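Some notes on the structure that comes next.
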């Protein structure tokens, strides 16, 4: 199946693509809670989760606790669960981590989805009471997933390659900065040693004029286009050999092979970035299953 998701009955999307890609669709609901499940998909899986959470909610209700109200913000970037007053984000479920979404066809209120937790990698089932708009919320999540999947297919490949190239360039820049710092320290040590040697070898009070054709090391400045001179310098040492033309092509200024971001392998990228890209590809490949089913075993008091 080439589609990003599957559902038992074909439904017409309710929102414009711009509403979900540039903004978000808000819904108010009551949050029954979340619980760990064994599988990422399945009607029986969510039915057991709903039974468990509704039983726990009835116990809390008998103790005088009310079901907390939340605001859902659905977009192509995920499903956010917020406090309706403070707007504090309680949960942020990315779409590629959501694998199953279902609504109850008996009372039109209860809906649930299964999402893989980003920290524990466990599958959690979230259950809500949505005041008779469960099917609409389920379809909105499905539409957001569909748009996100299409966006991933259209530009995801280019984005992945761009991120990989940026990560490789950043890594190479760090390496060059480290090498540059080490080279500066070595040059400083050589200059210090040279000054000490000149102090010990030069007669007291005498000043040896430097030829304008020599550098601070009393050596003939190197020129890549000038032929190598066999004449020793004033201190009796030979100038550094001029690298051959073939060596200049294969090596850079620091003696390392020139960096080409387009020839980098996957192993050159930071593990965290690579794992996130692989995770997104795996999540979208699994797809999202939308399903209308019956799993409300007993009515939940809407006043709780």
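Using N, Cα and C of the backbone, Cβ positions are placed for all residues, glycine too.
Note that TrEMBL annotation is computational and uncurated.
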Practice problem: Scan 159-200, 243-284 against TrEMBL and say which stretch is down as coiled coil. | Solution: 159-200
Self-check item: region 'Disordered' per TrEMBL - which of 112-156, 202-246
Solution: 202-246
Practice problem: Please work out the helix, strand and coil residue numbers for the domain 'PID' (27-155) from the DSSP assignment. | Solution: 45 helix, 49 strand, 35 coil
Practice problem: Take every residue in the coiled coil (159-200), average their pLDDT values, and give the whole-number result. | Solution: 81
